[in-house]
């Protein structure tokens, strides 16, 4: 009998471990909004945990960055390296991506493997083929093109970690049909105005500033008027007609009003409307999948209390689960989270409370161990004197904040004045001294951090300090409510800026690779001390006498990837380009296409997101979960929940024993930020008022939920 029980217990231990591993995966996927169809067998779950480990994800991005950086060393190169060196590095990167795909194949069912990551497999295979052909042609002395380099940035989109980037591409894809209608009308308007310009100015014998005929070729007129929409050639394109007659300006005014302002605004309106519509549906599916995963995790850990009782999860299981999901979380923090979910101290929670765990873990809470001030330890009589108590009282008042801000403002004024004047210099030092003293008073109960200044002179350190002090002016701006909303929006969209930054890098990289193959060597840059006669026309006789050469734009070329990115950046802010003079008129298609993709589509989608985020900042209130957490923190600071305080300050607390004889607990908590830490969290906040009630239905049976697979074929 005892042997049977022992065998049963030993068999149940790995069974419980497998359940906790699977529940950990569900909670982690819900927290980070991963949506991968994985095999639920114990071995596959353990491989899936390894697959999503932060080190493995970081390693993928390291190899992607190395693969993208090869363009710096490949022809045309910033720093030339032998072909064998760059080829070896690329083979290592492609092999790493292959190993990652093999790992992924062990995680998901085999029938799903070729459906999901096929794009990565295609990119790797095509890159190997192109690398082999390119190496063979170069070894035999033939001309070769590395056409597969345009596929490299697509790895950023198609890796499982690139879900935010895939969402951005899906937003572009969904907005394209409506954008195309407006674009066709816009081009029709440009063509009509071009035809009118040909009839108005073509036979008047007008000349441009460089002496060429003015508006005599229809295709040139179409291109010039398209560029006028970007204002890059304004007022140059208008001046010959304006010099001839002031009445011709009416034509250009109408054109600018209709095309530059009206149609460009239509583009933004269409993008914003479609972006919000499709993104709302994606967020609805995201929320539904998130709640469904939490329900599955609950079903793995639930147990029934009594006959006919509702299923619950005990505190012991919940603690073990949180340890697995967030290993670095402190016991005090874990007790705080549990107290929010189990507000009635039952020792267990139901499904509705359990489902909130993913949202609760997304709220960043700082745990602080209060320490006595050094003066209190060394000079207790001075610290407890009436003067010290009065100072400590004053620094907690609103008047102190106003004085502190005033000193910051006065200090900034003196920084901007002439430092050579001894009066100004001494006044600036006085402001610094007063602010340091006030800072010490303000942070009487905080810990101080010292840093070593090795390698820097005292003047350099002071320069750094003064520069950082100017940033303190943000404190004054942030104290104004309306300004605070704008600053909060700027900080909130930080993760989104990174996402759209990756999107810009992908598009820039593709156009840079194509541009280098089309225009490399067409324009040459000469150092200022060069005596070459070719310097006058950037090394290309076709540019002799052109505005491009006269303005010394020779460094704007596609001779390496760095110069290519700079040229594309200039085109993004609608600068002129002279590459059509050194190639063929059809080269204009390259630059017009870049303007359409980046300026008209991507930038407008980014502006649409900023508009929505800004509106949310003005109308959004804190969630009920965050309000409950703040209320619990306030109860701890006031000493209301003494049971929780005792639990936190028990012998098991990693932060050490608390002080005795204090009215307030030695452990204090603070919500680090009320802003969303992830793009998914911000998106949910943006559209949660528009989501249907059933999207938040925690009572839906998890067995009836079928998770969709990640969309790898977004591009």
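Positions of Cβ are set from backbone N, Cα and C atoms, glycine also.
These numbers come from a predicted model, not from an experiment.
Positions annotated as compositional bias 'Low complexity' by TrEMBL: 704-715.
Under the heading domain 'Ion transport', TrEMBL lists 54-278 (among others).
Averaged over the domain 'Ion transport' (454-614), the predicted model reaches a pLDDT of 78. Taken from TrEMBL, the feature domain 'Ion transport' covers 454-614 (among others).
Here TrEMBL flags 695-715 as region 'Disordered'.
Counting only same-chain residues 6+ beyond the ends of the transmembrane segment (54-73), those with a CB under 8 A from a CB of the stretch are 79-81, 85-86, 89-90, 92-94, 96-97, 100, 149, 152-153, 155-156, 159, 161, 509, 512-513, 560-562. TrEMBL lists 54-73 (among others) with the feature transmembrane segment.
Summarising the annotation, TrEMBL assigns transmembrane segment to 79-99 (among others).
The transmembrane segment feature in TrEMBL is assigned to 120-145 (among others). Beyond its flanks by at least six residues, the transmembrane segment (120-145) meets 83, 87, 90-91, 94, 97-98, 101, 114, 151-152, 154-155, 158-159, 517, 712 of its own chain at Cβ-Cβ distances under 8 Å.
For the transmembrane segment (179-202), same-chain residues at least 6 beyond its ends with a Cβ under 8 Å from one of its own Cβ atoms are 214-216, 218, 221-222, 225-226, 229, 240-241, 248, 251, 255, 258-259, 263, 266-267, 270-271, 274, 596, 600-601. Positions annotated as transmembrane segment by TrEMBL: 179-202 (among others).
Beyond its flanks by at least six residues, the transmembrane segment (214-232) meets 190-191, 193-195, 197-198, 200-202, 204, 206-208, 238, 240-241, 252, 255-256, 259-260, 263-264, 574-576, 585, 588, 592, 595, 599 of its own chain at Cβ-Cβ distances under 8 Å. If you look up TrEMBL, you'll see 214-232 (among others) marked as transmembrane segment.
Feature annotation from TrEMBL assigns transmembrane segment to 244-272 (among others).
Annotation source TrEMBL lists transmembrane segment at 399-417 (among others).
Per TrEMBL, transmembrane segment is recorded for 448-468 (among others).
According to TrEMBL, the transmembrane segment annotation covers 489-511 (among others).
Taken from TrEMBL, the feature transmembrane segment applies to 589-616 (among others).
Packing against the transmembrane segment (79-99) from elsewhere in the chain are residues 59-60, 63-64, 66-67, 70, 72-73, 120, 124, 127-128, 131, 135, 138, 155: each is 6 or more residues past its ends and has a CB under 8 Å from a CB in it.
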